[in-house]
Amino acid sequence: MAGLQPQDDPLKMSHRETWKMQHERLHVKHRGHEAMHAEMVLILIAMLVVAQIVLVQWKQRHCRSYNMVTLLQMWVVPLYFTIKLYWWRFLSTWGMFSVITSYVIFRATRKPLSCRTPRMVYKWFLLIYKLSYAVGVIGYLAIMFTMFGFNIFFRIKAEDSMDVGVIMLFYGLYYGVMGRDFAEICSDYMASTIGYYNMGGMPSRNLSNDMCAVCGQKIFVDVDEEGIIEDTYQLSCNHIFHEFCIRGWCIVGKKQTCPYCNEKVDLKRMMNNPWERTHVLYGQLLDWLRYLVAWQPIIIGIVHGINFSLGLE
């Protein structure tokens, strides 16, 4: 230890200096392996292309099984990394979300269906959707806040503000995707149980003029009136619904058709102001990110297995 310089002593180095030293050692270790690295990159690109083709074909041919497997992976894969990397904060939120959502799904799949269940289900998933949207936006703003250097004015370390932004953005996107997928499953179960809608698209019961086809309950507010708690919505097919029900069905439950007659729904007519349209865009973003969260770790794991079998480091 006599020849060890103070700046080389790990005990006296800062976190940034330690990371820099480890990075330099990594470069020294892999120097001269350019051909091997190029081969590994080609394997990764080929695997991504093949996986994309397989997943697209699977989704087109067997959409229901694809969605179920994807949802199961999104629920389990983060749990594995959480336990492995000791992310107890995420584990606590994951546990609370799982317990409450499991109870909601249990209520939504019961037969006969309670008259209060549909509204409870849509209120829960609409709450998750809005919370995830807010948390994701705050996380994104925190990242932009750090990248433009505003953290210096508040004497906040860049690493700390960036960590907060990335974590909040991940929380918002992850729970947003999970909430929408579980809401879609509950939508199918509840609507088919009530009887106004089924997977074939043909209603099995007649709908009266004052009934909501999503929850099966009576509508007391006219379309032209302004409700105290919620309004009444009328689609282009002239069928009317409770505000919470049809918003949950279309925006959260990802249904783009009328719950009764299966006619295409124009979501723009449901938006009271331009700010609400961002919720639809956010939902489309969540659908795209599902592939990244659910399948990317599996693909990377397969690539690592191929590299290991070929003796590539």
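Backbone N, Cα and C atoms are what each Cβ position is placed from, and that goes for glycine too.
For 212-262, the entry in TrEMBL reads domain 'RING-type'.
Packing against the transmembrane segment (40-58) from elsewhere in the chain are residues 65-66, 291, 295, 299, 302-303, 306-307, 312: each is 6 or more residues past its ends and has a CB under 8 Å from a CB in it. Residues or ranges marked as transmembrane segment by TrEMBL: 40-58 (among others).
According to TrEMBL, the feature transmembrane segment maps to 65-81 (among others).
What TrEMBL lists as transmembrane segment is 87-106 (among others). Beyond its flanks by at least six residues, the transmembrane segment (87-106) meets 75, 78-79, 81, 120-121, 124-125, 128, 171, 175, 178-179, 182, 185-186 of its own chain at Cβ-Cβ distances under 8 Å.
Sequence annotations record features per position, and here TrEMBL assigns transmembrane segment to 127-154 (among others).
Restricting the average to the domain 'RING-type' (212-262) gives a pLDDT of 75.
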